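Asks: First the structure, then my questions, so here it is.
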Amino acid sequence: MKIACIGAGYVGGPTMAMVALKCPEIEVVVVDINEERIKAWNSDKLPIYEPGLLEVVKECRGRNLFFSTDTKKHVGEADIVFVSVNTPTKTHGIGAGKAADLTYWEGAARLIASVSTSSKIVVEKSTVPVKTAEAIGKVLKRNCQDPNVQFEILSNPEFLAEGTAMEDLRQPDRVLIGGADTPSGQKAIQTLVSVYAHWIPRERILTANLWSAELAKLTANAFLAQRISSINAISALCEATGADVQQVAHAIGTDSRIGPKFLNASVGFGGSCFQKDILNLCYVCESVGLKEVAEYWYQVVSMNDYQKQRFVERVISAMFNTVSQKKIAIYGFAFKKDTGDTRETPAIDVCKGLIRDGAKVCVFDPEVTPEQIFRDLSAPKFEWDRPNYSRSQSHMLENVQVVSDAVAAAEGAHAICILTEWDQFKTLDYQAMYEKMTKPAFIFDGRNILDHAKLREIGFIVYALGKPLDPFLVKGY
Ligand code: NAI
C-alpha cells in the first residue's frame, strides 16, 4: 500500500511520521509545494518543533517515509491520499473574516483528479466546514479524465495538540473516520481502519457518517475554546471580587461532570485552529439560517478578544496609565509552551496593543525566531497564513526588539509580561532580574505560572490573572 499526504505542515508531518513508524510495510510520502519546508523535513533541522518528532523522523526517513516536492508523481501512485493543507479564514469576499478559505483544498483536489490513473481513497485530514466532502467529490469526479477511476472520500479529522503531538498520535483518545453510507464507502472506512489498527485499539477507532465526522472536529474545537473563554470570563469577575480563579477552577474541576482539564485562566487562547474553526462554525450556522446558534458560539471568540484587550489595559493602567517609551519585556511569544508555533498567539495582540500606546517591547522566546516575531507583528489580522501579505503595519517594528535570553530582555525594563507558560520561566532568577529593572518593577503573569508571593517579597508589583489584586494596585502605596 502507498500513502501520499498533501501538506507537510504541523499536521501532515507528524501524523505521517507516526503512520510510517507504526506501519513499516506501507510507503508514506509527504508532499508539499513549499520547497523550503520539504528541504527542512529532509534535514536534521525540521521545519516545526515538536518534542519527540525528530527521533521518529530519523528512524523512518529513507526507509518508508519520504518528503518530496514531486506532488504529481507521488499522489498519482498512491492508494490513499491524505489532504492536510491549510484552511485559513477568508480575508475578502463573501464570508470574509469568518468562512474557511478552501482555495488550498480545492487546489489539492484538482491536483489529485488530474494525476489519478487508479482509484483512490481521499482523506480529509484538514479541518473543513461540514459538507466539504460533497464539494470535493464534485471537483474530483468532474476533473478526472479516466472514467474507470473511482474516488472514495473519508473524513478523518486530526485531534492532536501541538506540543504533545507525538504522544497524542501514539496514544490518541480516539481516531474518527467518517465515510459514505454505501458499500464502497464502508469498504474505504475499513481500509483506513486497518492502517490505524496497527497501533490503536479497535475500540478507540470510531466510525461515523461523513457529515458527523466533519462536524465533530469543529465541535471539539468549539467546546475546548469555550472552556477557556468561560474560565477567562470568570477570571475577570475574580479580580473584581477578590476571588482566586485557580481556587474556583479547582473547586469546579473536581466535579466529575466538569473535569479538571482546560480550566487554566490565561491571557487568551491562540493557535491556528480555535478561532478559525469557531468562526467557520458560526459561518456555517448563519448559512443555514441558525443566527442564534452562530451568535452563541461567536461569544467564545469575543470573550477571547476581550481577555487580550483586558490584559493590555491592565498593564497600562497599573503602570500609571502610561507605557509610553517604557521598555516592557515579553516572556514567550509562542501560543503555548513546547511549540514554536505563533499562529494567532495572544502575544501578537498584546504586543500590538502595548506598542500602540507607545511601549517598546523586548521579546524573548526559546523557540520562536526573531524573523517570525517581526513577521507576525507586521502582518494584518488573518493574513498570517498567506505567504504574500502586504506589510502594512511595519511601523510597529520600530518599537520591537527580540533577544535571545530572559535577562537581556529584563535589563532596564519597567515590566515583564509572561505570555507563554514555558517551564523555564518558572525557574528564572527573578531576584537578578529585579535588580536590573527600572523601579517600580512590575510583573504581569498572563499564565499564572510564577510564585507571586515570592516575587512580591523580592519587591515586584505583581498582577496575576484572576487573582486578588496586588495591595499596591488597590491602595496605591
Ligand atoms: P500548515 O500551514 O502547517 O501546513 C499546510 C501545508 O500545506 C503547507 O506547508 C502548505 O505549503 C501546504 N499546501 C497548501 N496547498 C498545497 C497544495 N496544493 N499542494 C501541496 N501542498 C500544499 O497547516 P497545519 O497546521 O498542518 O494544518 C493543516 C490542517 O489541519 C488545517 O485545516 C488545520 O485546521 C488542521 N489541524 C491543525 C492542527 C494543528 O494543531 N496545527 C490540529 C488539527 C487539525
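Heads up, the Cβ atoms here are built off N, Cα and C, so glycines get one too.
The active site, nucleophile annotation in TrEMBL covers Cys273. The feature NAD(+) binding site is assigned by TrEMBL to 7-12, Asp32, Arg37, 85-89, 126-127, Glu162, 273-276, Arg343. For 329-452, the entry in TrEMBL reads domain 'UDP-glucose/GDP-mannose dehydrogenase C-terminal'.
For each listed feature, how buried is it and what is near it?
Replies: Around Cys273 (active site, nucleophile), the same-chain residues at least 6 positions away in sequence with a Cβ under 8 Å from its Cβ are Thr127, Asn221.
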Asks: Which chain-mates of Glu162 (NAD(+) binding site) that are at least 6 residues away have a CB under 8 A from its CB, listed by sequence?
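Replies: Expected: Tyr10, Glu50, Gly271, Phe335, Lys336, Asp338, Thr339, Asp341.
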Asks: Under a criterion of Cβ-Cβ distance under 8 Å and sequence separation of at least 6, what residues of the same chain contact Gly7 (NAD(+) binding site)?
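Replies: Counting only residues 6 or more apart in sequence, the Cβ neighbours of Gly7 (NAD(+) binding site) under 8 Å are Val30, Asp32, Phe82, Val83, Ser84, Val85, Asn86, Tyr104, Ala108, Lys125, Ser126.
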Asks: What does DSSP give as the helix, strand and coil breakdown of the domain 'UDP-glucose/GDP-mannose dehydrogenase C-terminal' (329-452)?
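Replies: Helix, strand and coil residues of the domain 'UDP-glucose/GDP-mannose dehydrogenase C-terminal' (329-452) number 44 helix, 19 strand, 61 coil.
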Asks: Out of Gly7, Thr89, Glu162, which binding-site residues lie by ligand 1, with a C-beta less than 6 Å from some atom of it?
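Replies: Only Gly7, Glu162 meet the Cβ criterion.
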Asks: Within the domain 'UDP-glucose/GDP-mannose dehydrogenase C-terminal' (329-452) only, compute the mean pLDDT.
Replies: 92
